[in-house]
Structures are given as structure tokens and as C-alpha cells.
Amino acid sequence: MDNGVFYDPKQNIERIFEVEKLFGFPSNKLVTSNRVLVGEGVLTKICRRRPKLRHFFLFSDVLIYGRIVVNRKVFIDLADSCVKNVVDNGIYRNGFSILSPRKSFTVYASTSEEKTQWVIHLKKCISSSASSGMQYDSVKKSPIWIPDSEASHCMVCGTTEFNLVHRRHHCRHCGKVVCDKCSTYRWILPYQGSSRVRVCSECHTDLSTEKNNSLIRNNQQQYQCEKENSLSSVTTCVTNNKVGVTNETTDNFIITPTYLGDVNMINDELNTESDTDSDTTEDEKVDKFIHS
């Protein structure tokens, strides 16, 4: 990793201009008042089909990577991102994972020293750019896709063998490699965008259960609020009646022994009404725009 923290504002802007030219950005696309280029380097990114070399540029608030030759790039907002270590495994060494709502992936550095530099600077930038009061684990992250080479059969049913007829697909919620039969469901995952995306049958079941539980919790909370509001209304009504009686003149004052019974009856009626369940319809899935 080329550690290039430019404390000279002029030199920093000039270097950012160079990055804009490399990726074919419009002028001043990357330049902001507080953005600093922290470092850059080439890492091996684990992609769906095979590992590929990608050029990474770490800024104080965003991570950019891509292929410079064809001007393809991806923005990763660091505010909601996190870095996790990857244990060495055979030929795959010096790895770490970058997780974000938009995209998550694993990369490998050439040496352990380079890995250490990347991880240290990434964590510092994430910490400094994190939203006020927001913990990184409170935001749902996209899964890291299992590479195609690691799955010869569907990871859900276990019976479908991938070939020219049965293609590989990825569940956008868990990252497993699945067959078409096991991934017919489509869901809107707010942390990934507004479009419906492919999910496997297992995640469909989990998402459906989570949604139903959420509806039940919302209904219970709504019922409790309505009950408390109704009780408050009855108490106010009874209090007003008491005040009205005590303000009457002596000639018109009438003691009604059934008054307390009336109050109990009102409360009983209230409890009876609260036993009825209101019908609820399934809420539409909503989208959350992810800044990138």
C-alpha cells in the first residue's frame, strides 16, 4: 500500500485530480473540502468466477476500486462499513473482508505488512467518517458471495449439479450459490436498493417470518397505545363528573349509590371492546436509498 496522506492541501487536490483522470471522472467529481487521499494500491479481489487484480484508492470517507483501463469503478461509503480479518488458508494469505450495505467482498494483499497497513488505515477512516451515534453493526451489510468454484451443487437443495443446463445463481441475502429452482423468490432488501432481487428459499422463509413477527409487534404496540389512550379518556370523564357533582347546590345534590358501579361497568365495556382483534394487511416492502 502506498501510504500517501497528503497534508499539503494543494498537493492533496492535485493527487485527487490524477485519480479522477485515471478513472475518467468529470472534473471535480472527487474533490470535496474535507476529503483526503490516504493511500492506494493493488489488491487481489475474490470475485464470483475467479480472483482478479483491482486498483484501490482509500480516501478519508470513501473507498474506490476498479479497473483503470476500462474506467470501471465502485464507490464504497465508509460511514456504514467495517473490516474483518480473514484467516490464512492455503494459497490464500493476507486477506481481509470489507463489508458495507451496498457491497461486501474479500481481498488479499501481497504481504502481511501491506495487509496490516490497509486494515489500520481503513479502520481509522471508517471511525472518523462514521455517522454520529451510529454503530456499524446496526446497519445491515450485503453478504460476501460464495465463489462459483466452491459450489459444484446447489447449496440449498444439495441435489442440483451445476452444468450448462443448470446455471449458478447467488442469493442476495446470504450469498450462497443456488440453483434456479431454489431461488425463485424476489424480495426488496432496503439496504441494497429499491429493486426486487433474487433470494433463496431458506432466506425467503426467514424474511417472511421476520416480517410477520414485525407486524405482530407493531399490532401489539398499536393496541397498547389505543388501550392506554382509552383508559386515560375514561379517567378524565369520571374526574369531570365528580367535580360537577360537588359543585352542585345543597338543594340539588343527589347521592347516586350506583355511581361506582357505573365506573366499573365502563371499564368492563372497555376491556370487552379490547378483546376484538383488528384485521391487518401485509405492509409493502420499502426501500432505503443507499448513498454511494
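Placed from the backbone N, Cα and C atoms, the Cβ positions cover glycine too.
As written in TrEMBL, here are the features:
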COMPBIAS  270-282  compositional bias 'Acidic residues'
COMPBIAS  283-292  compositional bias 'Basic and acidic residues'
DOMAIN    36-127  domain 'PH'
DOMAIN    148-208  domain 'FYVE-type'
REGION    270-292  region 'Disordered'
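Residues in the domain 'PH' (36-127) partition by DSSP class (helix H, G, I; strand E, B; coil) as 19 helix, 47 strand, 26 coil. Mapped onto DSSP classes, the domain 'FYVE-type' (148-208) shows 11 helix, 14 strand, 36 coil.
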